[in-house]
């Protein structure tokens, strides 16, 4: 019993303590939650003065701190959740009432911030930006300097207009103010508004004046910007375009309206003349020497009872020609027979007589000068005769006896033979021809095929864009290259037949008129520096190729230039002479050599060092010329410049030609037919192939050896016949 009472009493007294503990435990997390909220946000609009702002901020901070302290003390001491509310709200209301109210009717306006580029200045207009972009960079400073004076004048005119308008508008403003006397606006606002209106009026008037009276630069820019506008160009491209437009305005070529011509943007680069050496003029020859020679000639003619007088004397770079006019009844042969006597009396090295001079009633006696003047190529290339020629195959040769430049055209030539002894000037003549072609023709219009068995003379021309192949120095490859030229000639004539044209000029005109400029045919110039070496190695193949090219290749634009040291009959055959009409003869050793070249004497009396006789196509007369000289340094400078214009585009190389020759030597045209015949007969022998294919023993034995090497038949086994090791089915596979 007592135990039950004790337990009941304990339960009664313990319940209120547990309730208090439960109440305390429920309050603690609320305190923790309340303690987390410690700050309040308050948004205050900025006030007029910075000092009042700082004072207000300090007051607000003090009030917030006091509120926080009171709030925390109340929470910590006696916290009642039903009583939770913001403390001291009246204080905040009082602060808001005390703070001076700003005029809220004024609209929001952004404060001015300085630009990192312009600062507080007005930014440039879009029109000015466009104009500055459109004008090239290298021209902007010039245009701005030119237009400053115009802008000053425009600004002065605009200010005068504004002042006149303000004077006219003043009485109107007074009348409106008197009428509306009841309305009084604040002075500060009106001043600001009037200044803004003035600025706007100025800007509008500037726009109007710029539209009505645009400056010269803007007009030129509008004219210039008629082309493509959506392409971004670098300053260098703009400068190039500017220079091209200048050149187009200066030079407007006359176009033929017969057929449309497709214009190319690419500018043809020409080799400058300053790469050649300048002409050095020596002092004029003493007239006393010429007069003395005239007196000696007249005395010798009188001694031999020849009635003739010396009429004129023409001074050339290396030779002076004295023109003698005989009286009626005097034979020309009588004066010709006196050549040795005249040479003795004048004490000259050698004398050449031209009797008579073509087109004159006179006889010419050519006497070498005591000192010769060099003829440089620049002197001839600067002449109008060379520059006015439109043909890309124009060639400069030298100066005649009178000192006039002599040029020729490879189209009229159309093939040339150059011959002379060693050291007479053949290689120099070839160099002058090639360099004059480099100056006159573009690499797309003229191509070269150079064959140099000497391996020294034409090597500086390697890697030129004009070359069809590198300079060929091997004799076997040279014969193969001549055969390639024959095939090229046949292909060109086949194209002429397809297009219905007769020569290369009409074919190219048709390609241009039809818009197929890429299909134009270039001229091909074949130069062989030493023909004698080729004729010694394979005379029949070389002669056949040269004769075929010389006979047919003129119309298809292939021209041939042959040079040789030994002008003998076995080198320059009758077929070659008949098909090559133009001939250039340098000094030779004998009269026989002169006759093989020119079919007449005279070359044996030349002086050497570029002294030549020219016999052109269609004429039988000989013209004496002092050839132009080109040094090795000049050749290197010109070829180095020409190599920079374009890379070479070779059609074939010497190594490829040699590989083809090896394949042809190892194979025979009858080889496959011989194998088929052996498989049919099931036996093989040289006599059998001789009877079947009508060939000699050597060729038949070679075919048998080739079949044995390839494993088609067995080797020789005494008197027994050779066995066939391959079936027909295997051979067909």
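Each Cβ is built from the backbone N, Cα and C atoms, and glycine gets one as well.
Annotated region 'Disordered' per TrEMBL: 1-130 (among others), in sequence order.
Per TrEMBL, the feature compositional bias 'Basic and acidic residues' maps to 1-20 (among others).
The feature compositional bias 'Basic and acidic residues' is assigned by TrEMBL to 28-37 (among others).
The compositional bias 'Basic residues' feature in TrEMBL is assigned to 59-68.
Positions annotated as compositional bias 'Basic and acidic residues' by TrEMBL: 119-130 (among others).
If you look up TrEMBL, you'll see 192-223 (among others) marked as region 'Disordered'.
If you look up TrEMBL, you'll see 196-209 (among others) marked as compositional bias 'Basic and acidic residues'.
What TrEMBL records for 210-219 is compositional bias 'Polar residues'.
Mean pLDDT for the domain 'FtsK' (403-595) in the predicted structure: 91. TrEMBL lists 403-595 with the feature domain 'FtsK'.
Shown in sequence order, 426, 565, 567, 585, 586, 587, 588, 603, 612 are the residues of the chain, 6+ apart in sequence, with a C-beta less than 8 angstroms from the C-beta of residue 420 (ATP binding site). Secondary structure from DSSP puts residue 420 (ATP binding site) in coil. According to TrEMBL, the ATP binding site annotation covers 420, 421, 422, 423, 424, 425, 426, 427.
Following the DSSP three-state reduction, the secondary structure of residue 425 (ATP binding site) is coil. Listed in sequence order, the residues 565, 586, 587, 608 complete the 8 Å Cβ shell around the ATP site centroid, once 420, 421, 422, 423, 424, 425, 426, 427 themselves are left out. Shown are the binding-site residues 423, 425; of these, the residue with the fewest other Cβ atoms within 10 Å is 423. Counting every protein chain shown, the number of other Cβ atoms lying within 10 Å of the Cβ of residue 421 (ATP binding site) is 20.
With a cut-off of 8 Å between CB atoms and residues at least 6 apart in sequence, the same chain places 586, 587, 588, 606, 608, 609, 611 near residue 424 (ATP binding site), listed in sequence order.
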